[in-house]
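The structure's right below; bear with me while I get my questions together.
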Amino acid sequence: MCFQTKLSISWVPLFLLLSRVFSTETDKPSAQDSRGRGSSGQLADLLQVLSAGDHPPHNHSRSLIKTLLEKTGCPRRRNGMQGDCHLCFEPDALLLIAGGNFEDQLREEVVQRVSLLLLYYIIHQEEICSSKLNMSNKEYKFYLHSLLSLRQDEDSSFLSQNETEDILAFTRQYFDTSQSQCMETKTLQKKSGIVSSEGANENTLPQLAATIITLSLQGVCLGQGNLPSPDYFTEYIFSSLNRTHTLRLSELDQLLNTLWTRSTCIKKDKIHQLQRKQNSIITPDQDYSNFSSSMDEESEDGPISWDQTCFSARQLVEIFLQKSLSPISKEDFKQMSPGIIQQLLSCSCHLPKDQQAKLPPTTLEKYGYSTVAVTLLTLGSMLGTALVLFHSCEENYRLILQLFVGLAVGTLSGDALLHLIPQVLGLHKQEAPEFGHFHESKGHIWKLLGLIGGIHGFFLIEKCFILLVSPNDKKSPEDSQAAEMPIGSMTAPNRKCKVISLLAIMILVGDSLHNFADGLAIGAAFSSSSESGVTTTIAILCHEIPHEMGDFAVLLSSGLSMKTAILMNFISSLTAFIGLYIGLSVSADPCVQDWIFTVTAGMFLYLSLVEMPPEMTHVQTQRPWMMFLLQNFGLILGWLSLLLLAIYEQNIKK
């Protein structure tokens, strides 16, 4: 009995071992099956997209590629509209380059390669469709390496983060997907099976291409959008605790302690300094290194760092609920809770105004604010009709005109030197004032202010020399400008209608082109930020008032009636709206904005330092010292207003 018991007990471990072996062997096919299902996932997703609204296509290579090419290459059909579709290359050529056969079923590898070719087509569509680039005479490797070396200054063995963002920018524009909420690049790479921090390589880039094409056909926005996805907030919270999927009870306790003790919102770059001064603020339970690392990683993802963005209540509702007017229920509040916790955790809304990362202006803000600005500019330019009040007093007209000329010189040169040029050179982006060190971050403003002081100093020397030394008995040739034309001659009858008409036409054409350039500059400024739009509008408005007053005087002196001159002046000012909407449409790219700002700064400097100073130095009047004071008052007022805007522009509410 004892022997049998020992024998039976000795068989138990052997039985368990054999069971383990058999279970392992039986598990292997299931694992292989799961991998097989994963490898065919992109093909299944693509078939589902291609069959949307139609009969499911048979898995036939030629027909599927043709359907895919039509949906990708024909925007009108892709958006559900009817119209002719002219493909820039044949589906058969696309299939052959990808290594597929006409009659066989479409394989996963071929789908991925075709997707990569379609990405290349989207990026180089203009060259391909204009016959400058022929896709049929190149091998697949050529297109693969072309995408990997999209940026010449980066490693051509991997598709870097910047190159991926470039491709996604092309696809967003090509497929015209909504940019309110976008799938982030890291999520897209993870969905494509890319785990390397360096990005996709030769083997994984086709998988990434297939995911991009499939999601884009589904209308999913990819890359950097105007608002983050709802998942971002939860990922931020988990990454701050060095967790990925689950939280332990101790980590939840750590999160609560952090929220309770971060009421003062100490930023990571101030922790070490404040530890010496305020030891009571930081408790032993807090670990700020996690927050620092997560902030650093996220800030490198793209041009906008969501970690330092203070979202409004309306923006949080738009992110999580996709609605703005409905009441927020308890279930809605549960969905929004990660966003609220993330805002408390990141302390974004407690940062100084000039350190908060601001969202780019929305389309409604850009078009709304800029339209109001140009409308005010048009109404301001009509102040030239105020000349009617000074028909009987030419001297008062000259004094008022010189006040506005000085104001125009101050605002134009101030906007160019204190705002536009620093923005083009990237000096605004470096502004991150440290507490108690305001003068260090604004150093370039004080240096440029010294430059303006030099301009003003030499103007004073020249003006005083003219007032004290030069005889005042003869006008210089420059005194024959429109601004000094006798008011009494404005209504004089025409002597030569043809010449007068030609002069009026020249004035109107010049005004129209000038207003068009002003509108272009305002459009680019409001595309950059509301602050830039305000400063540029103020500068242009101060310049337009004396400019239009002078032109209005010329129109009256050319023989036009008062009503006709007002109407012509108003019509020429409407070209500013044309320039505005062109500027808004072409300046979405920051690079285009910089070039428009560069040309605008040059135009402002020319007007303020070349065209207008002769009016200020050589104008004749019976009260020269009064004019001298008014000119300097206008200059100082213009420069002072732009200086205050340059210092406090970050505090202007959007």
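The backbone N, Cα and C atoms fix where each Cβ goes, and this holds for glycine too.
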Are Glu395 and Thr621 on one side of the membrane in Swiss-Prot?
no
From 51-56, 225-230, 351-356, 543-548, which range did Swiss-Prot mark with motif 'XEXPHE-motif'?
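Result: 543-548 is the stretch Swiss-Prot calls motif 'XEXPHE-motif'.
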Cβ pairs under 8 Å only, please: of the recorded stretches 449-469, 566-586, 590-610, 627-647, which one is richest in them relative to the transmembrane segment (502-522)?
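When the Cβ pairs under 8 Å are tallied, 566-586 comes out ahead.
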Below 8 Å between Cβ atoms, which of the listed ranges 399-419, 449-469, 566-586, 590-610 makes the most pairs with the transmembrane segment (627-647)?
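Most contacts with the transmembrane segment (627-647): 399-419.
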Six or more residues out from either end of the transmembrane segment (449-469), which same-chain residues have a Cβ under 8 Å from its Cβ atoms?
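Counting only partners 6 or more residues beyond its ends, the transmembrane segment (449-469) has Cβ contacts under 8 Å with 413-414, 417-418, 609, 613, 616-618, 624-625, 628, 631-632, 635-636, 639, 643.
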On average, what pLDDT score does this prediction assign to the topological domain 'Extracellular' (391-398)?
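The predicted confidence over the topological domain 'Extracellular' (391-398), as a mean pLDDT, is 67.
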For the transmembrane segment (590-610), what are the same-chain contacts with Cβ under 8 Å, counting residues 6+ beyond its ends?
408-410, 412-413, 415-417, 420-421, 423-424, 455, 517, 520-521, 524-525, 527-528, 536, 539, 543, 583
By DSSP, how many residues in the topological domain 'Cytoplasmic' (611-626) are helix, how many strand, and how many coil?
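Within the topological domain 'Cytoplasmic' (611-626) the tally stands at 10 helix, 0 strand, 6 coil.
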